[in-house]
Amino acid sequence: MAVDTRSLHPICSFYSHSPTVTHIPSPSCYTRRENLLAESEEMSEDTVSPYDEAMEALSSLITKRSRADKSNKGDRFDLLFDYVKILELEEPIKQMKIIHVAGTKGKGSTCTFTESILRNCGFRTGLFTSPHLIDVRERFRLDGLDICEEKFLEYFWWSWDRLKERTSDEMPMPTYFRFLALLAFKIFAAEQVDVAILEVGLGGKFDATNVVENPVVCGIASLGYDHMEILGNTLGQIAGEKAGIFKSGVPAFTVPQPEEAMSVLEQKAAELDVNLQVAAPLDPSLLSSLHLGLEGEHQYLNAGLAIALCSTWLQKTGRVGINYLNQTTSLPEEFIKGLATASLQGRAQIVSDEFIENDNPGDLVFYLDGAHSPESMDVCANWFSIATKEGYIVPNNQTYNDSKALHESGQNAPFRKKSTQILLFNCMSVRDPQLLLPRLVNACASHGVHFNKALFVPNTSVYYKVGSVAPPAADAQVDLSWQIALQRIWENLVIAEKGRDAKNAELTTCEAVNDDTEKGANGSANSTVFTSLPLAINWLRDSARKNQSVRFQVLVTGSLHLVGDVLRLIKK
């Protein structure tokens, strides 16, 4: 029986466009959840909330084995089609007008641009991305907004209960990401989106999103070396895995790629009769004096791919009323607005620490980018170097060019202080820091930017648990062997680095008075390992307060998990 979810949850009514919604939780599931909600009102403050209960259930699906385990490959991909049948999603997935995007870097930004463009064209959008930074609901966006908690819980428990009833030892519950992908299909089907934009989680061929058999159009963002423990050691092998999302006769677009990768993409496309085209980077002059919503020169590449995907989707689905084809001298207004208003946390994001903003406006600024591959380290370093040299943050968190602001504001412009650059870093153990850190240091140095100190921390997030995680207790034993290994690599880089300029030497001296390393597990003049992220943040805040003539510019990179952890601590 079809149920109108708007009558059940008025707070989420803006999500439903039509009076009747199909493929949604059954009435019996509503009764169960309503009972839980009623019971929760009688619980003490220490009792787990319904949402926390869902996070505990979701956490149980996270496998404990290393991603580098070679047995992960494929991992009984055929089971996904059984799960789809259990959730009655076969026909809904066939009916969805899907845009499917894979890639090593830029796929999340491409999906974000794509969703924003089509939403501004007037379509109801569903966007599935990964990972989330703070809340798992970030992965499921409806019309540009995270799905609300009430609707998330309804769809979550309906899907969970159905799978629990039908799975067995021979067909176990889906793993964490597979469940989330299935949940995305359930949400988008129930919410009757006009277009579903799916970002591949890992690889392509065996990714959970690849149960889609008839997308409208596919995209491959920039390829590079990442997840090599699973996808292969060469660009050709990696490209072959990404090309696994190609479907017979379905058009596909990519961006300019290294020759080794491009040849494999072209070969796979030819085998499947796929019309593969290379999308040109967006010409900034087509934005009508506006700027892309996502920062960084590399975003023009992702925006160009998004434009190609949207144009093809509009054409293939027979949408009319928007002049979108062969845009070489102009872009539709809807496209421009979508590109200019797109937003994505944790990628080239600049945030002032709101907890010391009143004391020292803009004195502690975090530059957050979840780069975690060698190529993305280059891009991150270029963005950070340009952002720190040409702009600064004022109290309302807007970024201005120094010379322009001083010229326009006169005496009212913020006093320009000396700046010192700090690195806050962690990466997963499946990454190779011998590739990541040198790329970051060298790219920054090419712009004349040198870090005065590097801070290495374990992530606050627990990899085997979803949801809000409290920092470890002060007396907790934390394994810092990985962070100390990162520190050793850094110290060797500092020794090898030549030609530090005079200004940088002065700032190093200024920093020395704040070298409060007794809180760190291992410290030197150039780097410190902290036992927890909150301790590192507190050290930065203390340093900013003690050195009010210095603006601290902190680059947070190496892990999207780390970026999410920092955002939790610095945003009110």
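Placement of Cβ uses the backbone N, Cα and C atoms for every residue, glycine included.
A quick note: this is a predicted structure, and the numbers were derived from the prediction, not measured.
The Mg(2+) binding site feature in TrEMBL is assigned to SER130, GLU199, HIS227. Listed in sequence order, ARG139, PHE177, LEU180, GLU199, GLY201 are the same-chain residues six or more apart from SER130 (Mg(2+) binding site) with CB atoms under 8 A from its CB.
Annotation source TrEMBL lists ATP binding site at ARG347, ASP369. Over all protein chains present, the Cβ of ARG347 (ATP binding site) has 26 other Cβ atoms lying within 10 Å.
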Count of other CB atoms lying within 10 Å of the CB belonging to ASP369 (ATP binding site): 26
